[in-house]
């Protein structure tokens, strides 16, 4: 029994060990094809090719992917399965993959690209089938079968310039709405829409939707504008403009205008009238405009006005008249009818002043007659005026005056001079000419009573003559000023200072300074100054370009640095370079000092010699003086000590000298004793 069980277990183990399989291949297919029309059924097949070691069952797990996302998971004992799409849409276009997993083994198919062509026809709906001009119409276009994003294109059909399109994109919805304004003149509106979609695999566009019809109702008709009595009228005729409109109980506004000028208006009425007496200015286009909200309709007619008489012409003798001449004006009018009234007027700042109620005017001209003149004519109630004419009456200029600003006698060479020239009388504008001698320097026109201003820069030293001339539009008179003489002076140029002798002078002797300028107008003021001393040492004004100063006696205190300043009536001061003057000793002072030094040297030499001889003599005889003094006695017969006088007093220094002498002679005692023996034997001999 045990043996039988063992055999059975071994058999089962061998069977289990033989359940070996491998996934050879996973295949994916599309039925009916890889390209499917939109709305058709689409089946995705997944087939697993598996090899097994025996006849045993395996559970298969099928996973379908589209563009990397899982579509479906199916478990089956069969080696194939399918994923069905009843109606394929563009959103089903993409890359499909099938993966098969059996136990611990799995394998994927190759990528299969499936394309769904076309889009379903969109559905277009108008929220209202009847609208009014100026109203906003709402349209809705949708593709319920497709998924966003979608692009919708709306078309307004049968327009004069072709279909009007508007496009709108929807990223999250499969429908969209737009608002379209209803334009004046629209009767029946026709709309359709098209849907399109874009993806990485291409673009598809739907067929146009069915046409949606919308009826437009007019709130009011196009106005009618009538001109009575006719479109062709004559100046002075009374004209009536009538604008009529058919309205359906709306609060409309009617306006009559010429060009951009509103002539009359009304609200809530269906008729508007405008009356006028026409002139040539009324010739042109007239418009009747009817408005309600954003709806506006208009009618324009052209009215032709025939001229009754021409614009008057003001004839004048001249626009510029000399004072005292005749001013003549005449107003001429051309027309079929006689002139009812004619006038000549002056105009100032928009205000007219009546001058004469006739066609002509004449007077002797005065400056007060300078004005703007017009003439007016009236026929049958129509008044016309001529073009304005500006007439100027000119009084002659007076003799001008010329002066310098500021007033000076002399001017400096190279500096600009400011002149002013003015005629006290004369009608502006006045033209001034400025002359240097007979040469014109400049000119200026002045439009008021102020003087003309000129500038000139003299280039030569001497006397310059200037004058000016004044004139205006007076036909004859031109007047010139008196000549103005101007003295042009030059400032001093470089200043030089020299001295004789140069740099050094003996004490007590004199020195000469020469200060001169290279250029400059006379007279010239010269100053000699010492450095750091404001007060001049010498000052002279000369009608010459140089000056010489001489100082006879100089002392040591006069040493220092000197310079020269020069100026003339220009008041421009120029300074020379600084020169140094050093005062030295005179010759006799040097000799005297030398003699004095020599005497001092001689005295010192003699003194030194005497002292030397004395010292020498003292050094040779010290023992003799000591021996001789031992035998001296006073009057009483008392023996005196050495260096002691007859009264017994000691000479100063005795003790010191004797002590020193004794010290000096101790070393040679034997020889000293021999000398003293010889001196003591001298009295006996005598």
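Positions of Cβ are set from backbone N, Cα and C atoms, glycine also.
Per TrEMBL, the stretch carrying the note transmembrane segment among 567-590, 591-614, 615-638 is 591-614. Secondary structure of the domain 'Ig-like' (400-485) per DSSP, as helix, strand and coil residue counts: 0 helix, 48 strand, 38 coil. Residue counts for the domain 'Ig-like' (491-580) under DSSP, split into helix (H, G, I), strand (E, B) and coil, are 3 helix, 46 strand, 41 coil.
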